[in-house]
Amino acid sequence: MTDATTTGATAREEKLASANSRRARIMGGVLIALALLVLFTLDVAPGESATFRLTTPRDAVQIGDLVVPGGPFNMIAAALLAFLGVRQFLRGGARWTNISLGIGLAILVMAFLVWATAGKSFSLTGMLQATMVRAVPIALGGLAGVLSERVAVVNIAIEGMLLAGAFTGALVGSLLGGWVGMFAAIAVGGCFGLLLAALVVTYRMDQIIAGVVINLFVLGVTSYVSSQVFAEYRHLNNAPTFRSFKIPILGDIPVIGPMLFNQNLFVYGALILVAVSTYYLFHTKNGLRARAVGEHPRAADTLGIDVYKTRYFHVTLAGMVAGFGGAWFTLGSVGRFDENMTNGRGYIGLAAMIFGRWHPVGALSAALVFGFADSIQQKLALLNTPIPSEFLSMAPYIATIIVVAGLIGRSKPPAANGTPYTKE
Amino acid sequence: MTDKRPDLKDVNERMRGLLARTTHGRDDFEDLVIVPVFAVIVALIFGALIMLATAVDLPTIGRSFVALAVGSVGSLSAWSETLTASIPLVLAGLGLGLGFRAGLFNIGAEGQLLMGGLAAVVAGFSLDFLPMVLHLPLTLLVGALVGALYAAIAGFLKATTGAHEVISTIMLNLISFRLLDWFLRQPFIQREGRSDPISKDVPPSAELPRILDFIDVNLRLHAGIFVMLAAVALVYWMLFRSKIGFAFRASGENPDAANYAGMKAAFIIVLAMGTAGALAGLAGATQVQGVLGRASPGFSAGIGFDAIAVALLGRSHPVGILFAGILFGALEAGGRQMQVDAGVSIDLIGIIQALIIIFIAAPLLVRSIFPWGFRKRRKGGEA
């Protein structure tokens, strides 16, 4: 009997180990393929070098341009990728798989940039700054997702909440000024969060249907008002925007200074919210309670945590975060609302959440990756590369599918995610 | 021969049991008739309130409701527009409903519709040497096939890796928009002499003929309506009379039990997604072959998302979806009339549609707003 169990356990362990090593093998193969890709398709004409501008002439601290000789750099990149790949393929340590892959992708991106800028010059600082700006709504959307999915409420409605925030920001901002507009956007986002909570917690509607419906409803209302009212009364859709302001000293740091410390309110807000919510979720009593509700509501209930109230509170909070993120579209950038201007950013935020493994910092990092893909796509048009911009803009979505499919380590949602809770 | 009969009987019995379980605790009449009717009425009232809130005066509101009715069912041409608009909604809705029955929440009809429609356009102009008898069905088939393949990606990922279909189909939608933009710029597909992304035209031999043009050439109703009706019948047969449909429903109801009963869960998921995608692709094909005549960026115009609403409203039942699709088609056609006659934006229809779904999907909500009209619920009964 004991013999049988031990054999069973060993067999299971062996199976697990073989699955891990197979994954490592696949990863090794992928890395070797990337090395070949860099070697053969990203080949730079001999003698050409890429110039990255690190400062603009107006900056306080000046540092010289970074000039990278294209050919040698990509040779080295290919060699590094091949080394990582072969190592992964032969040794197959599961512990190193993700790190190798991360390093490999970073090398690939660098090689790509060098190849695209070969013989030209290109402002690295400007691109990083644009990356941060574009990451803001995605990061806030992702954070909203984290907050509600940590209490096991699937939030497809982020898209609608962002759109509602953008709309409210434009409307109220035009009438009463930017600050009031921003707070109104947060409040309206919170209302939709509350609505979602009511539909799924109290009326036990299917969570995905509730989200889809909120998206349809917000899209309908905002499009209706913008074509029925804004078209006629243009002054209602002309909000002031928040200018970027530089934080003294920190903003003068080359390269990362402009990216992190010379931005508008929304960028600072997003960074602060990510920090605060990380602290809240993982280092406070209430955060622990919230996560308990997401993992095992029955146990949480037994311990005296009010599951319904916790879900209501966090989903409303998520709505407020998404409302703030929505205001970025109008008050943080152009000052006017257009029909469906969020254009799927909420769904990308959801992807960022999964990519970031249901962690606020993870969601922010993933949002930065998506923002990078977004901003590099704009630059590529200027650099005149043969890669169609459509394929580059697809890359984040394909990456998300790969992550969801668990090909790069499994991203595990809270255990009770998506299931309604009925108190006994 | 002898051991086949009890087997069939057994299947029949299990199907009965399953049917009984799907309607368990529900009051059929209340659920299928009263709730939807209430939902539509309440949504229309809310629509009026929203018009009031945006400073539309009362006579205009009256006029817009009249226009809504006249534009959807008030004349032959109104009926023609209503049915034309409902064809792709019903087709895509059938696919989504079938997916719901199998426990799959497919948000990807929009992308499947785009890919299917694009494939139909390409097949249309590249196979134009064929006679119409072959060309037309073949083009529709290509649209369905490509839609099925595109949806099967999500099914395959779910079956093999457990990737949730909601996320993967949302991503596939976003990918399909970019893919379409790219394809429309390829010299093979882009129309000669144009720099904007637009495809070549579907030749007449692949066009779905207009069936009412003997009365008036402006009536747009096309032969796609027969495709739609055939699809309703086919899906009904498939779901309730075939073995594979039983497998779909069984794995939707209780995947573990279905697995124990020897049904291949992975195969069923891929097949259900593929069938749903085929119907969405067919919706795209009928749209380009019967109405648009070519593909352009975003030619799906949100039909794939509206179809989710149609499938929910129709309770994932083929006949229900048929009626729900016609209702949404009527709202679409009436909405256009409303915009022309009363100057009220057609986007109002979107709000009304969303409200209908809220009330349909949360019957508890309707019951709490309108306690009358419903019998008292049995204790412990499912909502």
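All positions are counted from 1 along the displayed chain.
Cβ atoms here come from the backbone N, Cα and C positions, even for glycine.
As recorded in TrEMBL:
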- A:26-46: transmembrane segment (TRANSMEM)
- A:66-86: transmembrane segment (TRANSMEM)
- A:98-118: transmembrane segment (TRANSMEM)
- A:124-146: transmembrane segment (TRANSMEM)
- A:153-173: transmembrane segment (TRANSMEM)
- A:179-201: transmembrane segment (TRANSMEM)
- A:208-226: transmembrane segment (TRANSMEM)
- A:265-282: transmembrane segment (TRANSMEM)
- A:312-335: transmembrane segment (TRANSMEM)
- A:347-370: transmembrane segment (TRANSMEM)
- A:391-409: transmembrane segment (TRANSMEM)
When counting Cβ pairs under 8 Å to the transmembrane segment (A:153-173), the leader among A:66-86, A:98-118, A:124-146, A:312-335:
A:312-335
Quick test of the contact rule: Cβ under 8 Å, at least six residues beyond the ends. What residues does that give for the transmembrane segment (A:265-282)?
132-133, 135-136, 139-140, 143, 146-147, 150, 182, 242, 244, 290-291, 321, 324-325, 327-328, 331-332, 359-361, 363-364
Cβ contacts under 8 Å made by the transmembrane segment (A:312-335) with residues that lie 6+ beyond its boundaries:
133, 136-137, 139-141, 143-145, 147-148, 150-151, 153, 155, 158, 161-170, 173, 178, 181-182, 185-194, 196-198, 200-201, 238-242, 264-266, 269-270, 273, 277, 290, 341-342, 346, 349
Same-chain residues near the transmembrane segment (A:179-201), Cβ under 8 Å, at least 6 residues beyond its ends:
148, 153, 155, 157, 160-161, 164-166, 168-173, 207, 210-211, 213-214, 218, 239, 242, 265, 308, 311-312, 315-324, 326-327, 330-331, 420-421
For the transmembrane segment (A:347-370), sequence-distant contacts whose Cβ falls under 8 Å of one of its Cβ atoms, 6 or more beyond its ends:
131-132, 134-146, 149-150, 155-156, 158-159, 162, 270-271, 273-274, 277-278, 281, 322, 325, 396-397, 399-400, 403-404, 411-414
At a C-beta cut-off of under 8 Å, are there same-chain residues at least 6 beyond the transmembrane segment (A:26-46) that contact it? List them, or none.
70-71, 73-75, 77-82, 84-90, 92, 97, 100-101, 104, 107-108, 111-112, 114-115, 118-119, 407
Chain residues in Cβ proximity to the transmembrane segment (A:124-146) (below 8 Å; excluding those fewer than six residues from its ends, i.e. six or more beyond):
52-56, 66, 155, 158-159, 161-162, 254-256, 258-260, 262-263, 266-267, 270, 273-274, 277, 281, 318-319, 321-322, 324-326, 328-329, 332-333, 342, 345-346, 348-353, 356, 358-360, 363-364, 366-368, 370-372, 374-376, 378-379
